[in-house]
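Engineer: Heads up, here are the entries from Swiss-Prot:
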- T2: active site (ACT_SITE)
- G157, C160, T163: Na(+) binding site (BINDING)
Amino acid sequence: MTTIVSVRRNGHVVIAGDGQATLGNTVMKGNVKKVRRLYNDKVIAGFAGGTADAFTLFELFERKLEMHQGHLVKAAVELAKDWRTDRMLRKLEALLAVADETASLIITGNGDVVQPENDLIAIGSGGPYARAAARALLENTELGAREIAEKALDIAGDICIYTNHFHTIEELTAKA
């Protein structure tokens with residue numbers, strides 16, 4: 001699996017992910033970019049799960065964003081509907097964390113679109129560790145979203161064998 005974490009604070013939203021790809025219990029690659037920008041750099045997204053499946057979902061999600069003029073929630077709901085009802089898509093195994101200036105969402109293959117409490121997302125095998133670390137930092141420090149995401153990924157990478165210390169980080173800043 002992997003670890004993807006998203007943190008929102010003080011007008012900034014970050015999605016960060018590690019770079020480890022495994023096949024069974026073997027590390028196949030250590031610098032996979034699991035976080036990317038979509039829809040003219042207005043949306044950021046990260047994935048946990050099968051790499052090929054995730055890239056298929058990124059492509060489908062970007063099409064949904066274009067169909068709905070960048071409206072994140074509508075695009076996410078439409079992707080989740082298709083993912084749940086299409087026989088071929090149902091076989092895809094991945095989770096997506098997506099965010100724009102105003103919303104952060106988790107999209108699952110079960111058709112769920114979840115807006116998490118405190119706009120804190122952590123998915124993948126290291127997700128519970130990253131979530132705990134990020135929550136503690138959000139509640140007890142004045143660190144920015146990027147620093148919190150980096151530290152949360154570092155902690156997850158120290159604990160989870162499927163998470164490494166190669167990070168890809170994308171950030172959006174809300175327009176004033």
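Note: Cβ is positioned from N, Cα and C throughout, glycine not excepted.
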Engineer: Can you tell me the CA-to-CA distance separating G157 (Na(+) binding site) and T2 (active site), as a whole number of Å?
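Structural biologist: About 9 Å separate the Cα atoms of these two residues.
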Engineer: Around the Na(+) site formed by G157, C160, T163, list the extra residues of the same chain whose Cβ is within 8 Å of the site's Cβ centroid.
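Structural biologist: Once G157, C160, T163 are set aside, the remaining close residues are T3, D18, Q20, S125, G126, Y129, L153, A156, D158, I159, I161, Y162, N164, H165.
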Engineer: If we count other C-beta atoms within 10 Å, could you say which of the recorded positions T2, C160 has the fewest?
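Structural biologist: Each of the recorded positions T2, C160 was scored; lowest Cβ tally within 10 Å is C160.
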Engineer: In angstrom units, rounded to an integer, how far apart are the Cα atoms of T163 (Na(+) binding site) and the residue listed as 'active site'?
Structural biologist: 5
Engineer: For C160 (Na(+) binding site) and the residue listed as 'active site', what Cα-Cα distance in Å is obtained after rounding to a whole number?
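Structural biologist: Approximately 9 Å lies between the Cα of C160 (Na(+) binding site) and that of the residue listed as 'active site'.
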Engineer: Which of G157, T163 has the fewest nearby Cβ atoms, counting only those within 10 Å, among these binding-site residues?
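Structural biologist: Each of the binding-site residues G157, T163 was scored; lowest Cβ tally within 10 Å is G157.
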